[in-house]
Structures are given as structure tokens and as C-alpha cells.
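Copied from TrEMBL, the annotated features are:
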DOMAIN    D:72-113  domain 'NADH-Ubiquinone oxidoreductase (complex I) chain 5 N-terminal'
DOMAIN    D:129-423  domain 'NADH:quinone oxidoreductase/Mrp antiporter transmembrane'
TRANSMEM  D:6-26  transmembrane segment
TRANSMEM  D:38-59  transmembrane segment
TRANSMEM  D:79-100  transmembrane segment
TRANSMEM  D:112-139  transmembrane segment
TRANSMEM  D:165-187  transmembrane segment
TRANSMEM  D:208-233  transmembrane segment
TRANSMEM  D:245-265  transmembrane segment
TRANSMEM  D:272-295  transmembrane segment
TRANSMEM  D:315-338  transmembrane segment
TRANSMEM  D:373-393  transmembrane segment
TRANSMEM  D:413-438  transmembrane segment
TRANSMEM  D:459-481  transmembrane segment
Amino acid sequence: MDPRDILSIVFLLAAAPFFLAGTIGLLRFPDVFCRLHALTKADNLGLGLIVIALALQADTWLQSARLLLIWLLVMLSGATVAHLIARTALRAGRKPWSGRS
Amino acid sequence: MSVPLIYTAAGIFLFLLGTYGLVAYAHLLRKILAANIMGSGVFMAFIAVAGRTPGAPDPVPHAMVLTGIVVTVAFTSVALALAVRIARTSSRVHLSGRDEEQ
Amino acid sequence: MDAVLLTHPWSVWTIIVPLAAAVLAFLVPRRAPLAGIITALSVALFVAATAYRIFLAGPHTQMLGGWQAPLGITLRADGPALIMLLTSGLVGLTVSLYATGYFTAADRQQRYFWPLWLLLWAACNALFLSGDLFNLYVTLELVTLSSIALAALNGSPAALDGAMRYLLAGLLGSLSYLLGVALIYGAYGTVDLTLLGQTVRADGLSRAALALMTAGLLLKTALFPLHFWLPPAHASAPPPVSALLSGLVVKAPLLILFRLWFEVFPDTATAGMAHLLGILGCGAIIWGSLMALRQQRLKLLVAYSTVAQIGYFFLLFPLARGEAAATAWVGVFLLVLAHGCSKASMFLVCGTITRLAGHDRLAGLAGAGGTLGARLLVFALAAVTLVGMPPSSGFIAKWLLINAAIVAGQWWYLATIALGTLLASGYVLRVLSLAFTESQSPPLPVAPRILRWPPLALSVVAVLLGLAAFHPAVLTLAGAPVSGIILLEMVP
Amino acid sequence: MSWREALPVLIVLSSLIPGLIIFTLPEERQRLRTALNLGGALVKLSLVAVLFPFVYLGQSFVFRLPLLPGMDLVLHADALSLLFIVLSAFLWLVTTLYAIGYLEGSPHRSRFFGFFSLCVSSTTGIALAGDLISFVIFYEMLTISTYPLVVHRGTPEALRAGRIYLAYTLSGGILLLVGTAWLRVIAGDLAFVATGILSALDPSLHPSLMVIFLLLILGLGVKAALVPLHGWLPLAMVAPAPVSALLHAVAVVKAGAFGIMRVVYDVYGIEFAASLGLLQPLALIAAMTVIYGSVRTLFQDDLKRRLAYSTVSQVSYIALGIDVAGPLATIGGLVHLVHQGMMKITLFFCAGNLAETLGIHKISEMNGVGRRLPWTMAAFTIGALGMIGLPPLAGFISKWYLVLGGLEAEQNWVIVVLMLSTLLNAAYFLPIIYRIWFGAPPQSWPRDRVRADGRETSLLLLLPPLATGLLVIMLGLLAAAPFSPLQWVQIITIREYIP
Amino acid sequence: MTPGPLLLFDLLLPAVLLWLAWRSLTSSDLFRAVILFIAFNLLLALAWVRLEAPDVALAEAAIGAGVTGTLLLAALTRIESAAGRRLSRPARWRPAALVLTGTALLAAAAGLLWSLRLLPTMPGGLGPLVDRHLAESGVDHPVTAVLLNFRGYDTLLEVAVLLLAVIAIWCLDEAVPFLQQPLESPLLTGFNRMMLPILLLSAGYLLWLGSHAPGGAFQAASLLAAGLLLALFSGASLPAQWSGLPLRLLLVLGFLAFLAAAIIGPLTGRALLHYPPAWVKPLILLVEWLLTLSIALILTATVIGGRPTGSRPYPPPASPAAEGRQR
């Protein structure tokens, strides 16, 4: 087996727990802010690892670059959207969970 | 059973599911959602049923489905605008009853 | 000169001109009525040129983009398309003239009426000429969407409601149709009508596809019992729009149905399927007429009359199986023409009456001798064609249908036609008698000319077409999927 | 288009075009309207006069407009059509004059005269129709153009009468249409040809032909007011007097009778129809109608209703004459078409004068009215006596030939029917005549329009009944003169019986 | 395609799609239903990829999920602000009606599935024909060739449908903002500053790509529309003097260009849409670029959801900074 394939598999396997954790967090966390926190983990790290795994498989550098661009864009928009959601929630009067309800 | 047939069948089921939703629900937005699901089902059946050609996929149904998607978006946008207008003029989000029809 | 006349693809201009005019009307709303009138006149001219070409040189096709089917799309100018174009030309011209007077410049509706109507017109003509299953889908969507927008034009709650019903029914119908197209493409790898006609096998798959497409189109044509969306949509739209919806738009899916059943799937459809449509047609005739007899508002009465008249078109399916095919075919197409003209005229008169009286409740419309009485008489003149009294085009059409029913030995349909005629006279009489009732109310102002003459002219044309039906009747069979002697004799 | 083709069309157009122009005229253009009406009527009469000698010589005038491949609108002039057309053209002229006087100053005259002209055009078309399909086309046009005349007054009563009229006639029209279509399918071209066109058909079709005959007669019988299809006729009396006059004397009722004539003689052929056994039942129905109508007439106090039931009975003389297969009965029936028209229109004019001048509608109010309206009542008396069949008036001639026909065909029951009917006629007309001349006039009439010039009523109302009354006498006295209706009918009969 | 190692995937994906569609229809919260629907569309794009229809996948993601999703969310907000928020439940069925509808739908499903067995095992399709004429079409990507040349007439009418949608929406109502106020945040400002050029670039790239690989006018237009919407949400607006004729002109520009190209044929003795061979490539390119621009505006207009009022879309004036950004 090509070492590149092995590396890819490793990265993919590493990405899976982030997505799993992110999803569980999204479903189980108590309020908007915590859920956003969980979600960004999956987006940033999980997707990053997958992109790396895929970039290793790309035929040309250009393809790899495009994959990385996708990751960057997702991080960028993820951060912005998370910020906007959080701010909207705050302005709507949602109190962050303090562990007491 | 070949792969396209699975998707064709799924398309048909989506179509019928959408039909059910369109008929069964009163809320206009839900009806519009249902119609979109119907449309997706049709498109899926179209691509899948035509995707059984050997070799490279047939581009003609792809182009047709692209057209279909755009047409459906146009319909959806008008339907939604109409629903919003109905909500704004009569404060309801469903069609009037039979009694008001006359 | 003749060479150009006989080789130029005149029919495409009936699509292009309204399309371009629609864009112009959208860009410069102030000039929209002018653009509309010019378009209406030129479309009439192009239809006439198409008719002349078909008359002299027979039906012809055009391969769009220069690509032959099955790769490209084919436009076909044949007899059935021509009758539809004639209907579209006559109704369109009249309604356009009327609309210049009905919508005023100060009216927001005018701003959107013209682009919407011109797009609708282009779409109808495109549909009539199309020879490609998928292109028919696109044109049908264009027809439906513009009709919906027009139906909602005046923004009243009833109109919005009617438009919404129309839209949802339309979506259901067109998606069902498209699924049928998908199956057909999967089975035969083409969507060209002519090619399909040569290759379609009469198997379960074709039947399933035909059933899907038919169901969708029935919904769009509003055949009983799928007519629920039609009366609210047609009755609450502005009158020029109602005229277009009833006179023109319901015929669009109808033509597709005819093309499918007789051209693409002549052997696939079973007699049972044909009779099912025929029986639904009978149901439409009786139910629609009974409902029209009960309505208290003029526009609703006319709308339900459309429900009833649609039923007659569906008698083609059972009657055209066998010897009487040509008779029934010509009869139904002439009926399409007759109904288009008379129904459009009736709705336009409704518009004038509503404008004058401020309402269209039958109970309050008495008016012998006065302005209303005269309008009601024009209504009655249009109704002469609708009921099928001689010498109108409606009579010729009904005469052919009766002949077809006799030749085919279908006494049941014959009885329905007879009953339908009587019921139609019944609901027309409800309106007509108002024309002779003395009214107590103070005299109403006279309507402007432009609201009086176009409907009158159209009803006169509809009546006189009965005396000039010879060539239309013959042309209907040019390139049609059925052939034979129009008036069959069965002398043993 | 040669003049021979054009002539039948022009005859139809001579009333159609004035009618269409009249529709567009404003109410106050009375002169122009009158000019158009009378001009049209005179043009029509002169065109018919041109036709006359040619048809006498057996030449034909045919106009064809192709409606569909294999179906034309055919107008042709033969002896039978001329009989009807002369009657209608002449009575149109007279009735128009009368109507101008009668409706003077009343509203909606443009509408009235417009539809009046349409109605006459349709009748002319019926007379000239060259085949059964063309006949049906004009027959239905007649239905729709008479409706506005029936409901002209716009009262709820008139509207109800109109509704019932249309219900009857449209139902009949449908049956006629279906019968015609069916016949066309099995027999092809349905041109009216003396001695008929169906006898050559395969005998296996005879049952169908019998059913078709029933359909056609049902359709035509409605307008001809055969019992039990006559229900509309007495109700239609709400129409203005000129309309009633025209409806009863020429247009509607006669169109039905004329249609029966065409179907029996020129489609089936009298002998073929007799051989199918179709005529006997029809004759029985006609006889029943004759008696039934007469009996009902006895009990009407309303003058116009009495005249209406009398029409029911009298028109069936025509049907009776047609169905008693034999040349003499045919002559009686055909000539009664003209004679009854002349007599009945006289009576209706007079009834109209009574209503218009004195407000009299009921027979019980007519005591001594002869002193107030001597001329009108003289005409009435002539008409009534003619109806009874008093020699030498017109009615006598037709009854005489009917009796002879019954004898010739060895159908003696016909004579009994005629005798009975004559007795009844006398029973319902003689008391009126007695009242008119010998009853004591009341203190005052329901209303009285005394005229400054001392005439009993306006000239336009008086002259028409006098003219037709005079003709009732002339038709009887001069029945043997050349070109009298009787002589003309004999020509027709010869052509119908000898192939 | 035969079942291989991916069989599990091929069974799972349709199942998930059906489940999402079902949930989207049945969840009583409409917001959740819309979100599920967007997820459904994204997964649908995956299905298109699996079915070797990358063009459709791109369109589905951009138009099906992106534009339709935005449309639905916008409409939901407007509806709820007009008619109040309420839960949507299925209409109460009479048992007979339910049984009847259910039976009919199941019978239809059974009939359709059963008829599928009659599909030819070796279907023809038009793929080879398209390949044969690809060289004459003026583009190198088969789907684009079909869209803009072989079946260009469909596309012409399709653009008419889009234009019609805008006219219909404008006819229905004035533009009603669905955000109480524009989204403002330093983060968003920065994001926009970076994102808008990228979106513009990507749109151009997709458009350019369309002539030889999956991509093309519609996909590019939806990216462009996304950029426009982003700017709009952050408070940018069209100046009043631009919202009249200039805006309408931009909306119809693509369609007019297409129409003009189409009638070259009939005017020169050819069929409609039959381009002179020498001009095929430039004409198609021109039409495609203008179409992209117009369609992007049309898609944006459908989301705005009403005719321009001539004033700013938000009651309080937007920040001048946001406006400046859009230029």
C-alpha cells in the first residue's frame, strides 16, 4: 500500500471522532452557545483533517490547493455565522447556560 | 437490481411522498416544500432512469434536469411570494375553505 | 413573393414577437399598450401567413438550431397547431384591444398585465408549435406561471387564493407529466414526438408513462373532477385575464393530450382508458352545467360553463377510436376554436358589465333597452356559439360530434351532448332573460367604445366562422394523426 | 356567382340586412327604421315575383355554400318553397305595417324590429332550404330569433312564457338535429327531392328509418304544436299582438307544419312513408290535436288564448292533409297552410286592435263592440266564418279538399273528425260573432282611445286586417283563378306524386 | 453501474433522503422543516455525484439548496411576521379519504415500480449523438452544448420563465424586508470584504469552466447571487436612481441577448437559433456571460421578494460603509 494512502486513512480516521463529537454536541448540549461551540469543532478540525486526507490523494497541486481553499472558506464562513448566530441569540435575550437549569 | 434502479425507485417514492404532502397539509409553506420534494423525486428518477447507458453518462437528461431545477425554483419563488402576500392580506397561511369559495 | 411566403418559417414569429414585446413592455411600461397592439396585429398576420403556407404547401417542420431530432427540438406547424394558433390569434387580438381600454395608465395592473400577457401569449404559441415532449414541459410551465401571475393580478384575497390553488394544481400536474417524460426517455432515449410515434411499444411502461402524463395534464386542463381550482381562479381574475384563461390557456394542455394520445401512443391507450376520459368528460358537461345553473354571479356562471365545455373536448378520446376518427377530430378542434372565441367574448362582456354596474350579481343586472341590456345581448350572441346554435361555428362542431357519436354507435355520448346543449341553453337563458327585464335602477353610463366593440366583433366572428368552417375543417386534418372522411356515410 | 345562384341568397338577405342595420339604430330614428322595414319587405316581394314564372316552368334556382366537405348550405326555390315564401313575404309586409302602428311610442322598437326581421329571414330560409340540414339550420335560427319577440314585454309572465317556449323548442330542436344526423349517416345527401329520396335504401334500414321519422316528427311537432307538444303555444300569447299574429300565421307554427311536409313528401316520399306505415299514426295524432284543440278552445275566455287553441287545432288540418296519403288530401293540407295563415292573422290583428284601442282582452267584454269598431269587427267576422269553413270563404276550400281526400283515401273517419271539428269551430266562434253584433254595449270600455279624426282606430292598425280579411274572401271566391294558391298547390301536388 | 462495494452506500443514501423528506414534511416546526429540506437538497447533490451528474450536483447545491433554502427561510420569516407563528399539522383526514389516498398512492407506486422492469436493458440515449456533434456546437462540455446549442430553445424559454418569475413577484407585492435591520458586525464586514471578491472570482471561474467541464451560467449566477445577497443582508442597497429602468435593463439583458442571437437564424434564412457556423463560439460565449449577470440579478430579486420601492430596503438608513462596499 502506498504510504500516501496510509496517511490518508490515518487522517480520515482522525477526522471521524471530531465529527462524531460535534454531532453529539449539537444534539445534546443545553443551549445555543454550547452547540455552536460543538459545531465549530467539527467544521474546523474535522473538515481540516478530511481535506488533508483528500489533498494527499489529489493528482495535481492545483487540486490540492482548491481543497485547502474549501477548508479556508468553510472556516471563514463558519466563524462568521457562528458569531452572528450567537450575537442574535444574545440580543434576543438568551442567557448563556450556567450549569444550573 | 442495478444501482440506477435503486435511485429510480427512490425517486418515485419521493415523488409520491411529495404528492401526499401536497395534498395532505394545509399550510402553504408545507405544500410548497412538498412540491419541491416531488420535483426532486422526478429529477432523480429522470437522471437515474437515463443513467443506465453504458459508457459516459448521457448529457441530455442532465441538461433537462438542470432546466427542470431552474423552472422549479422559479415556481417556488412565485409560490412563496404568493403565500407571503396571502399571509399579509388575510392573515392566514392556508387556502380558504369551501364555504368561502362561492 | 410567393417563394418567401411558402418557405419562410412564419410561425416562429408568433413566439418571438410576443417574447420581445413582453420584454419591452416590462422595460417601458408607459408604451406597453402600444407594444401590445402592435404585437397583436403582427401575431394575427403571422398566423395568417402560417395558415396560407399550410393551405398551399402543407404542414411543415423546423429544426431549431439546425439540429435534427432527436438531438434538437422540432417545431411543427401542422393542422392541429394551426387551429390552436388561429384561436390564439383571434382571442389574443381581441383581448389585447379590450385591455387597452380596460386597464388605465394610472392602474398598477396595467404595468404588469402587458408583460405577463405577452409572455403568456408567446408561451401558448410555442406550446402549440412544439414537437418535443420536454420542450412541451417547459412551454407548459411558462403558460402556467404566467397564467397564475395574471390570475393574481388584481391582488384581491379571492384572486390570490384562486391563483394559489391554480399554482399548486399546476405544479402537481407538471411534475406528474415530467415523471412520465422521464420514463419515456429512459425507455426510448428520445423525446421527439414524431420519433416516439414510430418507436413506442404498447407495453406496461408506456401505459404507465401515458397515465402519469395524462393525469398531470387532466389536472391542468381542469377536467371534472379535477376542476376544483378553475372556477375560483377564472372568476376572480380581471375579466381580460379570465377571457384568456378560459379561451386560450385551458386548451394548451389539451393539445398536448391530443398529441400524446393520437400521435405518440395510438396503440398504447386501451379502449377502457379512452372511455374513462369520455365518461369524465360527460361528468364535466353535466356537473359544470348544473353548477352554472346555480351560480349567483355572472363570472362564476361563465367559469363553470368552461368546466362543462372542457368535457366536450374529452369526448374525442372515445369517439375517435375507429371510423369516426376524422369526424370527431375535426369536430373537437372546431369546438376549441368556437369555444375560445365565444368564451373570451363572454368574459369580456362580463368585464364591461361589471365596470358599468359595479358588480356582477345576476339578481341586480336587469336592464332592458339600457346599456346593460345591450351588453347582455352581446353576451347572448356569444352564447349562441357556446350552446351550438346554427349557423355558428359551435353548431358545426357539435354537428360533427353528433355525427361521430352516431357513426361510432356511442349513444351514451350522443345523449350527453344533447343534454349538455339543453343545460347550456338553460344557464345562458338565465342571463339572456335579464336583457329583457325592465330595470328599476337609474340608467347607467354608456361604456367606452373599446369596451363594447371587441367582444361584439369576436362573437360575430365566432358565429360567422360556422359559415366559413370549410377550410379550417380541412386544414385541421393536415398532418394530423388521424385521417379519413370528415362526414362519413355508412350506406350498406 | 350567377344571378340564378344569387337570387335565393338575396331573398334571405333582403330581410336579414335591414334587420341587422335596425339593431344598430337608436330608438328615435323611427323614419329610417320604417323605411328599412318596408323597403326590405317590398324588395323581398319583388324578388319573389321574379322567381315566380321560372319556378312555374319547373326551373330551379340553387345556391350552395360549402360548410364542410360533404355538407353544403343549400338554398333552392321549388314550387313548395314558393308557396311558403309568398305567404311569409306578403304577411311580413302586412304585419310590419301593423306593428309600426301597434308599437307606436312603446320602448325597445329597434330591438323588436331587428329580431322581427331576423325571424322573417329565418322563415324565408326555412322556405328556401334545399336539404334537410339547411332546413334544420334555419329552423334553429328561427327558434332563437323568436325568443326575444315572445319575451319582448319583459314582464315576469312573458319571461316565463319565453322560458317554456325555449324549453319546448330547443328540446325539439335537439331531437330534430339528432334525427337529421342519423339520417345523413345512413342516407348521405338529404336534398329535398319531390317524391322522396329514401325508398331505394336497403330494407334492413327500415327500422332505423322509422325511429328517425319519429325523432324528426317530434322535433317538428313541437313548433307545429301537435298535441301533446303544444304546451308552449297558449303561453306565448303574452307577446305583443303582431308577434302572435306572425307566430301563428306564418313563422313558428307554419315552420313546423312546413317541415313535416318536407320530411313526408321530399325526404321520405309520400308513398314510401305510407308503405312504412308511418302516416297512419301521425294522421291519428293530427286528428286528435284537431279535436283536442277545438275542445280546449271552447273554454277560453281570454280572446288571444281562444285564438291560440284554435291555432293548435287548425294547424293540424295541415298535418292531417299531409298524412292522409292521397293527392286531394295533400291539396287540402297544403292550401290550408296559406288559407289558415290569412284567416288567423286577420283574427289576431283584430284582437290586437281590441286590446290596443279599447283595452279588451276577454270575450266576455266584447258585447256590442261591433258598433264601436265596425270595420275591425267586420274583418274579424270574415276571419271567424272562414275558420268555420263557411262557403265561399278560404277555409271552405281547404276543408272541402280535405273531405274529398278522406273519401279518396277511403279513410272515412277523417270526415267524421272534420265534421266534429267544424261543429266545434262554430261553437266557439259563432257566440263571439253574436256578442259583437247583437250584444248590448257596456257603459264604458276598459279604456277608450277616441281619435280626433273620428276613425275607429289608426289607419295602420285598421288597414292590415281589412286587407287580409278581403283576401280571405278572394282566396275562396277566386280559388279557381290561375296562380291562386289552390292552383299552385295543385302543381305542387302533381310534382310530388308523379316521379 | 452495477452493485459493487458501494452497494451499502447506494442503499443508505436513498434511505436517508427519503427519511429527510419525510421528516421535513412531518415535523411540526416549520423552521426545522425548512432546515431539514436544505439538508435533503445537499444530500441530493451527493446523489447526483453518485449518479455521475456533476453539473446537476452543482446546480442542486447552489440553486436547490442555496437559493431555494434562502427563499424558504425568507418567506417563512415574512409569513410568520404577517400571520403569526403557528404549528402546521396535517389536515384532519376522514378515515375513508386517508385510506383512499393512501391506497391510490401505494397502487401508483406499485404500478410504476412494476413497470420499471420493462425498461430496456441496453438503452440508447443521446450521448453518442451529442459527442458526434460536440465539435460543431461551439463548446467542449456536452451538458453545456446541450443547454446552449442543441436544446438552446429550452434554455431560452427557461430564462423566460425566470424573468417571468420576477415580473410575477413584482406584480404581487412591494419588497418587504424580512430582517428587522441589516446584520452588522465587524466580523461580517471583514468576511464580506474577503468573500465578495472570492465569490465573484469563483463565479467567473465556474462560467469559464462551463465550456469544457461541469459548471456554467446557472451555477455561476447562483454564486454571484449569493454574493449580492450577502451584501444586501449587510445593509447594501441599490441607489434609487438605479432601481428603475437600469435595474430592469440588467434583469432582461441576458434574455434579450439570447433572443437577439436566436433570431439571426430566421432573418438569414435559417432555423431559429441556428447560428452562422463562424459565430457559434463568440455568440454562445456572449450570451452565456450576459445570462449569468441577468440570472444572478433575477435570483437575487426573487429572494428580495417584491418590486423595488425606490427607497432603501430597510427602514433605518444603512451604514454608508456597507453601501460603499458594494461598489
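Using the three backbone atoms N, Cα and C, a Cβ is placed for every residue, glycine included.
TrEMBL: automatically predicted annotations, no manual curation.
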Could you give me the DSSP helix, strand and coil counts for the domain 'NADH-Ubiquinone oxidoreductase (complex I) chain 5 N-terminal' (D:72-113)?
29 helix, 6 strand, 7 coil
Quick test of the contact rule: Cβ under 8 Å, at least six residues beyond the ends. What residues does that give for the transmembrane segment (D:272-295)?
196, 198-199, 206, 209-210, 213, 217, 221, 225-227, 230, 260, 264, 309-314, 316-317, 319-320, 322-325, 411, 413-414, 417-418, 420-421, 424-425, 428
Mind checking which residues reach the transmembrane segment (D:112-139)? Cβ under 8 Å, same chain, six or more beyond either end.
8, 11-13, 15-16, 18-20, 22-23, 33, 37, 40, 44, 62, 71-77, 81-82, 84-85, 88-89, 92, 96, 99, 103, 145-146, 148-149, 152, 173, 176-177, 180, 183-184, 189-192, 223, 240, 242-243, 246, 250-251, 254-255, 258-259, 262-263, 267
Quickly jot the same-chain residues contacting the transmembrane segment (D:38-59) by Cβ under 8 Å, restricted to those at least six beyond its ends, or write none.
7, 10-11, 14-15, 17-19, 77-79, 82, 85-86, 89-90, 92-93, 96-97, 117, 124, 483, 491
Grab the same-chain neighbours of the transmembrane segment (D:208-233) for me: Cβ-Cβ under 8 Å, and only residues 6 or more beyond its ends, written as numbers and ranges.
139, 142, 161, 164-165, 167-169, 171-180, 182-183, 186, 198, 201, 252-253, 255-257, 259-260, 263, 268, 273, 276, 278, 282, 285-286, 288-289, 292-293, 308, 311-312, 315-316, 318-319
What parts of the chain pack near the transmembrane segment (D:413-438), using Cβ distances under 8 Å and only residues at least 6 beyond its ends?
283, 287, 290-291, 294-295, 297-298, 306, 310, 313, 317, 320, 324, 329, 363, 366-370, 377, 380-381, 384-385, 387-389, 399, 402-403, 405-407
Does the transmembrane segment (D:315-338) reach the transmembrane segment (D:6-26), going by 3 or more CB pairs under 8 Å (6 or more apart in sequence)?
no
Are there residues at least 6 beyond the ends of the transmembrane segment (D:79-100) whose Cβ is under 8 Å from a Cβ of it, and what are they?
11, 15, 34, 37-38, 41-42, 44-45, 48, 51-52, 55-56, 112-113, 116, 120, 123-124, 126-129, 240-242, 245-246, 249-251, 254, 258, 261-262, 265-266, 334, 337-338, 341-342, 345, 349, 352, 460-461, 463-465, 467-468, 485, 488-489, 491-492, 495-496
Beyond the flanks of the transmembrane segment (D:6-26) by at least 6 residues, Cβ under 8 Å:
32-33, 36-37, 39-41, 43-44, 47-48, 50-51, 61-63, 75-77, 85, 92, 110-111, 113-118, 120-121, 124-125, 128
For the domain 'NADH-Ubiquinone oxidoreductase (complex I) chain 5 N-terminal' (D:72-113), report the average pLDDT of the model, please.
91
